[in-house]
Amino acid sequence: MSQRAPIVTIDGPSGAGKGTISQILASRLGWKLLDSGAIYRVLALAAIHHNVELDNEASLALLAAHLDVQFITANGNGIKVVLEGEDVSHAIRSQECSNAASKVAAFPRVREALLRRQRAFAEAPGLIADGRDMGTVVFPTSPAKLYLTASAEERAQRRYNQLQDKGFDVNIDRLLAEVVERDERDMNRPVAPLVPAEDALVIDTTGIGIDEVVELALSHIKEKLPDLVL
């Protein structure tokens, strides 16, 4: 697979800090940003809207092939996600959508249908690709790969805080159970399991600040892409 622009992949489980770090790096470098998890959330939401069963692989793959989705970068304000002309940035962050996204992502035909869309985001001047298999499947030849992780307890707490801030009514114990269940499902699925790429820098974000993680990431990027001016 040829690459038209430099790519930095950032993989890891939910709540490890991928989204925050990816947005900071994209802003710092002036690069495009791909939130791969959002694509699966959008597909899950589209399935719900169109009454497609989450265990119907064929129908989900067909829906994915014709998915009308746009990602609009808003400087300093994250990413605006648009599905069929509607801003769904808030809707796709619900816990229901999060769990549904993990389920639809387990189907090989669904992943294949969305693979081309993800790779199309690789454009100049560069791309920060945030996901779960960016470095292992989608952009395996990228020289700069990161894998962020954190304890299940800390990731559940981060998710709890995030959902509370957005006005969702959530239970921390239930969230922790869902984090553990999702980890088990994602790490043991037969297609594109959640594992670090062999050449990825693994960063455990438990108990460390955002600035420190960003500096570790930038140092790795500079090492792997020495021609970049950071």
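Backbone N, Cα and C define each Cβ position, glycine as well.
As given in Swiss-Prot:
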- GLY12, PRO13, SER14, GLY15, ALA16, GLY17, LYS18, GLY19, THR20: ATP binding site (BINDING)
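Positions of the features from Swiss-Prot, shown on the structure.
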residue	record	Cβ neighbours (10 Å)
GLY12	ATP binding site	26
SER14	ATP binding site	22
ALA16	ATP binding site	24
LYS18	ATP binding site	26
THR20	ATP binding site	17
Determine, for the ATP site, the additional residues of the same chain whose CB lies within 8 Å of the mean position of the CB atoms of GLY12, PRO13, SER14, GLY15, ALA16, GLY17, LYS18, GLY19, THR20; present them in sequence order. ILE21, LEU148, ALA150, ARG155, ARG158, THR205
